[in-house]
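These come from TrEMBL:
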TRANSMEM  37-56  transmembrane segment
TRANSMEM  97-115  transmembrane segment
TRANSMEM  127-145  transmembrane segment
TRANSMEM  151-172  transmembrane segment
TRANSMEM  184-206  transmembrane segment
TRANSMEM  212-233  transmembrane segment
TRANSMEM  281-303  transmembrane segment
TRANSMEM  323-344  transmembrane segment
TRANSMEM  356-375  transmembrane segment
TRANSMEM  381-408  transmembrane segment
TRANSMEM  456-479  transmembrane segment
REGION    485-571  region 'Disordered'
COMPBIAS  496-507  compositional bias 'Acidic residues'
COMPBIAS  513-529  compositional bias 'Gly residues'
Amino acid sequence: VTCRVPYLGKSRALCTGYECIMVRDRIDKMTATQPRWFTPLRLLGIFCLTNLVVYLDRDTNAGLIASNGVNGSARTAENPGGSGIQGDFNLSYFADGLLPALFMVGLLLSSPIFAEAVKHCSAFRMLGWGMAVWVLAVVACGAAPNFSFLLVARAFVGVGEASFVSLAAPFIDDFAPAAQKARWFAAFYLCIPVGFAAGYIFGGAITTVASWRVAFVAEGLAMTPFVAFALAAQPLQLRGSKPADGTHYPPSHNQPYGHRRWRAIVGEFLTDVATVFRQRVWVSVCAAYTAYVAVLGVYAYWGPKAGRALFFGADDRGGSADLVFGGVTVLTGVLGSVAGGLALDRLGSTLRNATLLCAASNFMGFVFLLLAFITSRSFGAFMGIFAVGQLVIFLLQAPVAATGMWCVPAELRPLGASLMTVSIHLLGDVPSPPLVGLLQTRLAAGKDTQQAAEQWRISLSIFSLLLLVSGVFFLIAAWQSGPGSDYRKQPVGAGDAEDNNGDDGEGNEGREGAGGGVGREARRGGLGIVGDVDVDEVPDARPLLMGGESTGSFSSSSSNGGRGKIPDAKV
């Protein structure tokens, strides 16, 4: 047997002619709806370029708006006019800190909304409209007449970005080759550190020849082609999303649009959220990723300052700490993301392998990072060991992204991704830098400058312990990754089985390695005609359809042990 029928998971030799006709008809319908512009590699390239531009201006202590050229410096006696945003609007450090805060408010409030809206609207069109909001908001930042206007614009930048954060990864999960999914996720997510670095460089380069306002307008123009394409091109269909020309929840005379419909939508949203939180693997991975991102937030914000205090003191050369930390983070982020994706594809793209790889990454990375904080006595030695630790912890970027897609029902992948985004920021990298700052203040109180600088070793080492917490949660997720937890093997909506060519070997989750197939525990949904039954175990129903009686015969693997005819109600 050299091939298997998609959506049935068994060889052509074992399929009936009726089944083959049905499968061929379904494949013809799917291929007929694919846009002419579409190829999987072309889609990945479009999303990677878009992700790169998005992260040019990611307002979480990094990127364009955090660059010295755009953010600038406050007004002082030596420099009465200041520079950049701080100088033009005469901002205090507190007011300047409100810019990333308002961005996060827009992002975190809008992500779940976009994720749930794809059940009622085309996901591809939602991407276009969301990024149109992003373009308008970014240009508004460049034209802001006052600080209040700028704050509102930054909030809407977060709203627009929420669409891309929620929907891009599910598209990649749908169309990436099964044997290369982790590598595709790695290619997509390596654009994050590259975008951060490009934002610093772009912001500094633009402001040497023009105003900081030009930088915002330029990145808005760079995103405009993607917006036009997403709104005008034939849309690509995302599993679980409403087709662009489809219908959903048609109104009736007895149930008109209005507050009842909105109540139904809100009720459906709450039900979907509850469904996501009932997925034990997702909950464990979300907790692990939140602890991990909390540590990354600390390193991104306090790492250069700690390096300067420890190894440069008041020396002006301490400014090189920013450049070195930034360069090391970009390099290790790119190499680690790619290596993690390659490793997962080589090991086999299963939930258990992905979560075990993430756990190992955390445990091994913690050892190197702790050695860097405790043993290093020169900046070169510190950065060498620290770079190895960062490279190791960045290995989990692609596996954790893939896990988040695979451990929830297909139609809830955008919602799962958005809820995880809310968690990792709200509980992760947003509160962790202030908490480290508070701890460092307490430890350094009453000490001289050199002794106070040495306390950074303790502060950063203590918060690095969260990597161990993250690793433990990933181990729990690996233990929970049993049969039925991988939704790639389960149907979408009303019993639509999906084609799975991945190499899975986890008990009943996969069938015969690279062949993949339909899982033993088909998720009950929609019509619920077939549940908890293998396709191989379904009796021949054609005599029933033609007015005869079912033979009730099962294969040797039948769950009822071949005990004869099953009741008509069951059929």
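Keep in mind that glycine also has a Cβ here, set from the backbone N, Cα and C atoms.
Note: TrEMBL annotation is automatic and uncurated.
Remark: the transmembrane segment (37-56) contacts the transmembrane segment (212-233), by the rule of 3 or more CB pairs under 8 A.
Put simply, of 97-115, 127-145, 184-206, 356-375, 456-479, the stretch with the most CB pairs closer than 8 A to the transmembrane segment (212-233) is 127-145. The stretch with the most CB contacts under 8 Å to the transmembrane segment (281-303), chosen from 127-145, 184-206, 456-479, is 456-479. Highest Cβ pair count under 8 Å relative to the transmembrane segment (456-479), across stretches 127-145, 184-206, 356-375, 381-408: 356-375. Tallying C-beta pairs under 8 angstroms between the transmembrane segment (184-206) and each of 127-145, 356-375, 381-408 places 381-408 first. Here the transmembrane segment (356-375) has long-range neighbours at 285, 288, 292, 340, 343-344, 347, 381-382, 385-386, 388-390, 392-396, 399-400, 403, 456-457, 460-461, 464-465, 467-468, 470-472, 474-475, 478, meaning same-chain residues at least 6 beyond its ends whose C-beta is under 8 angstroms from one of its own.
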